[in-house]
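What TrEMBL says about this one:
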{"type": "REGION", "residues": "20-87", "note": "region 'Disordered'"}
{"type": "COMPBIAS", "residues": "20-48", "note": "compositional bias 'Basic and acidic residues'"}
{"type": "COMPBIAS", "residues": "49-59", "note": "compositional bias 'Polar residues'"}
{"type": "COMPBIAS", "residues": "61-87", "note": "compositional bias 'Basic and acidic residues'"}
{"type": "REPEAT", "residues": "135-187", "note": "repeat 'Hemopexin'"}
{"type": "REPEAT", "residues": "188-233", "note": "repeat 'Hemopexin'"}
{"type": "REPEAT", "residues": "234-279", "note": "repeat 'Hemopexin'"}
{"type": "REPEAT", "residues": "298-342", "note": "repeat 'Hemopexin'"}
{"type": "REPEAT", "residues": "343-390", "note": "repeat 'Hemopexin'"}
Amino acid sequence: MAWLKSMPIIKELWRGKEKTQRIEQNLRWREKEQEEKVYKEAQSREIDTTTLPDSQTGNPHHKEDYAHPDQHGHPDQHAHPEHSHHHDLVRCSGIEFDAITLDEHGVTYFIKDDHLWKGYRGSSEFTNQTFHELHGSIDAAFRMHHKVKPEDHDRVFIFKGDHVWSFYNHTLEDGFPKLINSEFPGIPNELDAAVECPSGECKTDSVLFFKGSHVYHYDLLTHSVKEKDWPAVMNCTSAYRWLERYFCFQGTKFQRFHPVTGHVSEGYPKDVRDYFMKCPDRGHGDKTREAHFGRCSGKPFDAFTADDEGKIYAFRGDYFLRLDTKRDGYHYWSITSNWKELHDHINAVFTWDHKMYFIQGDQVYIYKSDVHYTLVEGYPKPVEEELGVKGPVDAAFLCGNSHLVHIIQGKRMFDVDMSESPRKVVKEWPLPFDHVDAAMCGAEGIQVFIGDIYYEYKSPMLLATSRMQPFPHNTSKELLGCDN
């Protein structure tokens, strides 16, 4: 056959055949696109958007109320003019989401009926623009955490009726969809919500499934199921894990709960629009609040630290940020949400022997550095009694496996040996700065923060003895990933 194809006339015939095949393939693609368009139009006519129930909007709204783009985003670039009234649902009007989940890149998806929002601002798109094999509404979704089984880890699992889909990079995994009971034996159909629970937060890598008043704790290693009744956490319309926090959404309200006990934190329920989306003059959408506490405000931080688990914290005022969560995004939380006994801004913090030491004025608080921080009995105590230095202080840090904590006060740095009892200053150093806002020691060495600038040093000795000031780094841009 090879010699035949080399003949000029045969070459032309072969090219003509290939061209015909390409034309036929393009026609098939166009037919498929037309079928999908007809399907979407038929689907949109099946959904009655004349009014939405009070549980979703607070008050009934005529469908034209949703015909404008989200106030914090831009008009949807993929809008379908023939039914854009349904395509541009506005989150801030009060929507009860069917599912909320992160994807493998850390993008949060909010899903309602056949619509999907990406992130905390912007307008919606059709769900099947991202997950092409999905049509109509869904029941639940979560991002799998299962490092023992890499082929499932970071996959987005989506549930509808008695089936489950698994996606990675928006591509459906081979063999899916599957029956829920074949992939998760013992888990019922028609779920209300689902959320992952990694080992360390739960006993083993697990998934929590919600249906009515029942919670099904599914162990990914043993495939065993424990059914629980949590009166405070029931009838979740969606569930979501973010930065080691667990949330049950009930209409436009949400609760934070413990994934093992079901205990609901004080101060809940709260309104979704104050925390999980950018709404004008509400919660985290408040520009005045964002200007001061926001990650990219350029304001100085009070303290930084990294704990034994590699979690990096930045503290400012009554709030803190996690800096090791770049994939899943940044968020500032109230300090009392993690360390409930701390009711004001802190001066310094450092980690030693699996404990976090918070210095606030002339007092020191010590917390066990586990997932759910617990104040050590007998604290707070005076800083001088615990560390041999009179408070208040400006900054404190401890490097690696060293037992020396370096405490900065004005233009002086004091080394305190944590392995001694009672603790006392073993060395005092002059510093090349009049004032320091915060300091931290990590893999890159020591970082000293002054305003929105930080300087790097390889060791405490170089910090104290260097005659040349290092190159200044911009905290907002280089450490926090801000554009401004």
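Numbering starts at 1 and runs along the chain as displayed.
Here the Cβ of each residue, glycine as well, is placed from N, Cα and C on the backbone.
Fair warning: this is a prediction, and the values are worked out from it, not measured in the lab.
Sequence-distant contacts of the repeat 'Hemopexin' (298-342) (same chain, six or more residues past either end, CB-CB distance under 8 Å): 102, 105-106, 108, 242-243, 265, 292, 348-351, 354, 356, 358, 360, 365, 367, 369, 373, 375, 380, 395-397, 437-442, 447, 449-452, 475-476, 479-481, 484. Confidence annotation: the repeat 'Hemopexin' (234-279) carries a mean pLDDT of 92 in the model. Mapped onto DSSP classes, the repeat 'Hemopexin' (135-187) shows 4 helix, 19 strand, 30 coil.
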